[in-house]
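Encoded as structure tokens, the structure appears first; notes follow it.
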């Protein structure tokens, strides 16, 4: 079952394409959803433009190398040594050019995510796609200067070296196809394009921690506990309360700011804590009888006729990203843009982990939302009403 991500701040829901990747489309507007929908939001998963373009260019270069074999020239004495050194420089430049072409292919995909991933800034796209270590730039300059020196000292040497351009084309084509198509998965694109040397893949790690450290415990059934759905049914029977959904609503705020309680985020009375389900108690990480809870809340925004009861959770682990943005030190400081990128990475990775786990099927909804000036009670109420239809 494909992951369902609802960006209620931006009105986006995903569908799955023929390749199995998640696409996010704007939902149809209904009269039951009075919240004004805004453009863009959670970034769409990357498509196949970069891989298709890389494969096309790489295949073309290989075809050229096959059709035009190199022309051999004879050299003697010290000229042969210069030619061999020149070959090393020439093929070094070949891989530099191949890497540039590969990044151009990545750019062809990233430009389609200009608004949702880069806040509409082309300079950010260029910086993240073509960013490389200073050492790589240094060696590129050294290779170029060495080639210029060799060609100026003996033109015949440069003629001999450049006659092997078909071989260079072939190597360039193999590099592009192997790196871009065979080895480059979507996860690696996320890490390489969105993150520079200073910003680590924090969102990815936090998602794994939250999944294995909480959701994997609280959602599925185990030897000592029932599944979330079964415990929710037991709660309904005991408390005589009808839950609007037996799924855990996982709220992911864009700013990563998590208040001590949901009541602090809305006017008084619109969200009320009701009771927790039966705890899941396990021995874990040096603690015996450690409880894990799922909490039921009453949601009744202003103007609604009747309240709804839902189970919801906001990952407190995301507050780490908020603190790195607000009070982080030099080596751990995140900008607001980087914080948002990490929150989106957290959402995507968590969704993939849950989607690939059959034991968590139909037990969660991930809601990514823009929390600035958002009415949380109204947002959740509308979400529940829309999913009933």
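Just so you know, glycine gets a Cβ as well, placed from its N, Cα and C.
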Checklist entry - Which one of these stretches, 81-101, 102-122, shows up in TrEMBL as transmembrane segment? => result 81-101
Checklist entry - What range among 16-33, 34-51, 52-69 does TrEMBL describe as transmembrane segment? => result 52-69
